[in-house]
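Shown next, in structure tokens, is the structure this report addresses.
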Amino acid sequence: MTSETSVNLLDFDAEGLVAYCGSLGEKPFRAKQLQRWIHQYNAGDFDGMTDLAKSLREKLKGRASIVMPEIASDHVSTDGTRKWLIDVGNGNAVETVFIPEETRGTLCVSSQAGCAVNCRFCSTGKQGFSRNLSTAEIIGQLRMAEFALRASLGRAPGPNGKAERVVTNVVMMGMGEPLLNYNAVVPAMRLMLDDNAYGLSRRRVTLSTSGVVPMMDRLGAELPVALAVSLHAPNDALRDELVPLNKKHPLRELMAACQRYLKVAPRDFITFEYCMLDGVNDTEAHARELLAVTRDVPCKFNLIPFNPFPESGLIRSKPEQIKRFAQVLIDAGVVTTVRKTRGDDIDAACGQLAGAVKDRTRLAERTGAAAKIIEVRAI
């Protein structure tokens, strides 16, 4: 039985767990054993950790715990997308979304309850900011999803044979701005990359930021993973309106930070995300302006059809306009994709990550028609 003041071991990356074991008078290799039990074998208590000395297990039972986030709901979309609503206490909830594809499984992870950036097109921002998530609450989303998915597929973990993982990619693109919760996000990502935990490569962990320039530089120095930048506008005047953070870190400063990041990044390009808003940022002239502002940054574009919500006052760009916009970028030789909408029926699509969902109206009813979303790729 653990005490009310016990340490949650999910809050520790490898270095932190070594230090904690050291405080108990244990050698560093015990931390690796413990980490494998927690993150690879899904151990929920210490008694079953049979290769740990009994004396250590007794110490841990009195001083430590493995506390997972509480699942409030679990929904599966008709397209296979799975969304968990996670209760993080005091009326706050965050969401975790798994997107299955033929060759990979991507988990979208939240970093904050709410968001302070308040992008005009994002329903999460309309909730306002509640608090940062802890490292345990962030890595707990991956642990929860990985083992829930393994269980549904009959892939039981265990020390006698590590099961093939289901989550192959993680994107820090859920609720919140990850770089505004840097001190909790980075240890969680270290665990994602650690071979004694989840063993993902840096190319398979992507952090998405709205452009917190000083923290982009710090991330590049300390833990460069794949980077996506929420751009959404080709000039400062429009981006000031859509992404208020731009007033603090305008496009010239942001593009320079992207160039610096690429010197250490695991990929040789930045992904620029661009939410397609009808009559706001979606003309061919906007596309040409976008090419000009990003010309010195090796990049690819991910165009995101807007997911309407009542408070936004915005409309999704028409499919034919998205195609024309994309073609301008492709003709300039830039790899461009149009994100396929996934999980609309369970409000799991990009921009719909709001714990307190006020409007459960079907997306097709909001947009007037269920538009067929195209995907365009450079050849």
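Cβ atoms are placed via backbone N, Cα and C, with glycine included.
Annotated features, as they stand in Swiss-Prot:
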- Glu95: active site, proton acceptor (ACT_SITE)
- 101-345: domain 'Radical SAM core' (DOMAIN)
- Cys108-Cys350: disulfide bond (DISULFID)
- Cys115, Cys119, Cys122: [4Fe-4S] cluster binding site (BINDING)
- Gly176, Glu177, Ser208, Ser230, Leu231, His232, Asn307: S-adenosyl-L-methionine binding site (BINDING)
- Cys350: active site, S-methylcysteine intermediate (ACT_SITE)
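Listed in sequence order, the binding-site residues from Cys119, Cys122, Glu177, Ser230, Leu231, His232 having a Cα within 10 Å of the Cα of Cys108 (disulfide bond) amount to none. Rounded to a whole value, the Cα-Cα separation of His232 (S-adenosyl-L-methionine binding site) and Cys122 ([4Fe-4S] cluster binding site) is 11 Å. When the Cα of Gly176 (S-adenosyl-L-methionine binding site) is compared against those of the recorded positions Glu95, Cys115, Cys119, Cys122, the shortest separation belongs to Cys115. On a Cα basis, Cys115 ([4Fe-4S] cluster binding site) lies 13 Å away from Ser208 (S-adenosyl-L-methionine binding site). A coil conformation is recorded for Cys119 ([4Fe-4S] cluster binding site) in the three-state DSSP classification, outside any helix or strand. Using a 10 Å Cα-Cα cut-off around Glu177 (S-adenosyl-L-methionine binding site), the recorded positions Glu95, Cys115, Cys122 reduce to Cys115.
Checking Cα-Cα distances from Asn307 (S-adenosyl-L-methionine binding site) against the recorded positions (Glu95, Cys115, Cys119, Cys122) with a 10 Å cut-off leaves Cys122, in sequence order. With respect to Leu231 (S-adenosyl-L-methionine binding site), the closest of these binding-site residues in Cα terms is Cys119, chosen from Cys115, Cys119, Cys122. Cys119 ([4Fe-4S] cluster binding site) has a Cβ environment of 23 other Cβ atoms inside 10 Å. Rounded to a whole number, the distance between the Cα atoms of Cys115 ([4Fe-4S] cluster binding site) and Glu95 (active site, proton acceptor) is 13 Å.
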